[in-house]
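Going by TrEMBL, these are the annotated features:
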type     : residues : note
TRANSMEM : 12-30    : transmembrane segment
TRANSMEM : 75-95    : transmembrane segment
TRANSMEM : 102-126  : transmembrane segment
TRANSMEM : 259-286  : transmembrane segment
TRANSMEM : 307-327  : transmembrane segment
TRANSMEM : 364-385  : transmembrane segment
TRANSMEM : 397-421  : transmembrane segment
DOMAIN   : 448-586  : domain 'Lipase maturation factor 1/2 C-terminal'
REGION   : 657-705  : region 'Disordered'
COMPBIAS : 667-680  : compositional bias 'Basic and acidic residues'
COMPBIAS : 692-705  : compositional bias 'Polar residues'
């Protein structure tokens, strides 16, 4: 049975990288989003209710309750948490010694603290996914780091503790829930674009922040778009059960299909760290053997296998081919695939009904839970068997304690996760054990398990709705206000901002889908722009001189709703076409009764000015200095700068690190050739000057001396 030591290290490094991107991205936006002059000041969310300290912390779990003790307000405490989180995650990427339980506990606690005050700008599914993944990383991370050359004395997998595979199994279960639910909700939503297989003919131009590659993907043939939707359903619904397949080649095939999907999404859309995080989760499908962790055995000749092993290999191959055949047959049958040789196209259509799919979902949802139970049971039995191989009563006792703790935690988290997973099928949700519901309700606010369902409905079928802000000094001549990343100017190409998430730009996309009253924060945005607050202006244009009202705030502000479409290939110098639809937000000015009424209605009025008690503390001054140094840089530049710095340090570490002797490969090859007496004699004469890596060999030389 192949081990998972290398995949676990890849997972821990990947989680650290995503945390680094998430913290750094959020840090760059804190003043405009959550500062005292921001759109939704964070200080409004943390108000003591006269409860005890620990009860208050449990109900609203955030470290920002302690910010006043450091002489900081809530926004400054949030900045400190994000800076420390960025540095800690960077350290975990560079130093293996920092990839332990305490590090990931601190990263998870810091992001959960930010989540509690993030309000609407932090309520994305990938934020919840990062919190759940971060908590699992805390369990996957070792309690202590062992030297590379040491191996545990137990049998089975060299160097593997009995409990190590259990928390890592939860990562695979999380990946299954994420992908399977994301595929299912596309059909349970009854979205005509998904059912008609035409979703991708709209997706590339209607997604939140397209990339330049989205324009080219949008103009691909319709039949290829429909075939891509079929492939999406195959990868998200049919393939995820293979995550638990007993044949490793099936798991590897599932791994590469998920990687292909995520890479294509990264190329054609700016989804911040979400797809990177999903790729990190796919490491749970890998093993040491596939990653060449046992490369030392790669040059050995294959020895003849016994007939039971040969029979098992043949049965595995037959099972693999059968599953591939069933997937191919099901895809052709249920999506009516036909090759049109004359047109050189592949026709596709959905051949099943919503009722049939609902019945199928009722039939398979509970069995997928039992599939998880069976797979987890196998992992528990495997861990128990490894424990029986531990030598020494003290080591066996320690291993038993660790196995009990991590085994109980794994089972508890699995039970908790069943509740949000069952949301995909309502009747199954009601049939769950009541104890699972109570356990989930107890820890729900900690974001330990969440429900997922991405791209549930396709929006913008008649054109991409887009809100355009306009300002004026006299109420007659209006000037459009450009955002850095979201579509606006039809001649400006789409941006590439991954792994940064401009959270205001994302919320502007959601705001355009309905009336402005469905997005109360938009009224606060209008107020801050009328007041000329620089932190908010920097969310729109980091270079303030590009903001049309940087010298003097506009007297009036309004918003229009347009519909945008990608330009046609023949149109030169334009990426978009647009058409005015309606007024989104009425023209208002400071003191306008309409604006004041909306502020009161949404509870956005500043009833009490922010207290400046933290501005004079040394820590606050240090935070202000750091902010001043970084304020002129765009967030994507900062994030890519971190990535380049990380790469440079890695290269330096590789160059300065210890190197193996050049003679080691030939020595490894000669290891399997019996030595002659003449060779042994020559080796004895030349033993002293040539040091050897093998510890036993060096001990023999010392004894000879």
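Start at 1 and count along the chain as shown; that gives each residue its number.
Cβ from N, Cα, C; glycine included.
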Seg_contact(the transmembrane segment (102-126), the transmembrane segment (12-30)) with at least 3 CB pairs under 8 angstroms, min sep 6: yes
Secondary structure composition of the domain 'Lipase maturation factor 1/2 C-terminal' (448-586) [DSSP: H/G/I, E/B, coil]: 33 helix, 34 strand, 72 coil
Listed stretch, out of 12-30, 75-95, 307-327, 397-421, that has the most CB pairs under 8 angstroms to the transmembrane segment (259-286): 12-30
Residue numbers, six or more beyond the limits of the transmembrane segment (397-421), whose CB comes under 8 Å of its CB atoms: 136, 139, 143, 154, 161-163, 166-167, 169-170, 173-174, 177, 181, 369, 372, 376, 379-380, 383-384, 387, 390, 429, 432-433, 435-437, 439-440, 443, 448-452
Segment-level pLDDT (mean, integer) for the domain 'Lipase maturation factor 1/2 C-terminal' (448-586): 95
